[in-house]
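Enquirer: Please find one structure pasted underneath; my questions will follow.
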């Protein structure tokens, strides 16, 4: 019997529990067609206060989720769900559509990582298989997006819906804009991966140029549809190809 197994990694477990236990998803769990686990990321944090965030290197507003508790939570989830795809919900990710939801349903095992605050430390991406976005807008956290992924995939599992026609897809148009640049926070080195030197330099002009370059590169790589709509000045086109020593 086909079923979908998911583990949602979040700082706010109660935000997900209610939705997963209701309606079609609740019935799917009762029928054994959906197995949903919710993991509190703080269980993998250390110290009295189990801190999971810190200020971003290079300055800026907001806080960034630290790599240690997130990566350890992902590794523990992988041990529970061998072969699962690790999916980070992020505005920087590929757009969730019906085709991707079907891929998730067919794969059958997902670990969904919910971001918070200003984002997650870029070094966490080494433990992530893909990033997924539900649209060109920003939420206060990734929990709603993770629930969208579970809902969209679970309803494609045979037997979850009484009427298979209910799974018809809809299309949504995107809006123009750049994806966000990578974020980093303490420690300066994690498992051999170092924070880019420019973010530690204190040179705000270089930092802003680095962020602009990385945003342009991320958009070109992950959302070529958005990138194609941009009317970029020659300076941006040169910046995309510039090395760190040219910032």
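Backbone N, Cα and C atoms are what each Cβ position is placed from, and that goes for glycine too.
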Enquirer: According to Swiss-Prot, 134, 135, 136, 137, 138, 139 bind S-adenosyl-L-methionine; which one of 115, 159 is listed for that same site?
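Expert: Given 134, 135, 136, 137, 138, 139 bind S-adenosyl-L-methionine in Swiss-Prot, the matching entry from 115, 159 is 115.
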Enquirer: For the binding-site residues listed here, 134, 138, 139, which shows the highest count of neighbouring CB atoms within 10 A?
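Expert: That would be 134, with the highest Cβ count within 10 Å.
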Enquirer: Mind giving me a neighbour count for residue 137 (S-adenosyl-L-methionine binding site)? Other Cβ atoms within 10 Å of its Cβ, every protein chain shown.
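Expert: That number is 9.
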Enquirer: Taking every protein chain in this structure into account, which of the binding-site residues 115, 135 has the most other Cβ atoms within 10 Å of its Cβ?
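Expert: By the 10 Å Cβ neighbour count, 115 comes out on top.
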Enquirer: Largest pairwise Cα distance, Å, within the listed S-adenosyl-L-methionine binders 115, 134, 135, 136, 137, 138, 139?
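Expert: Site span for S-adenosyl-L-methionine, by Cα atoms: 16 Å.
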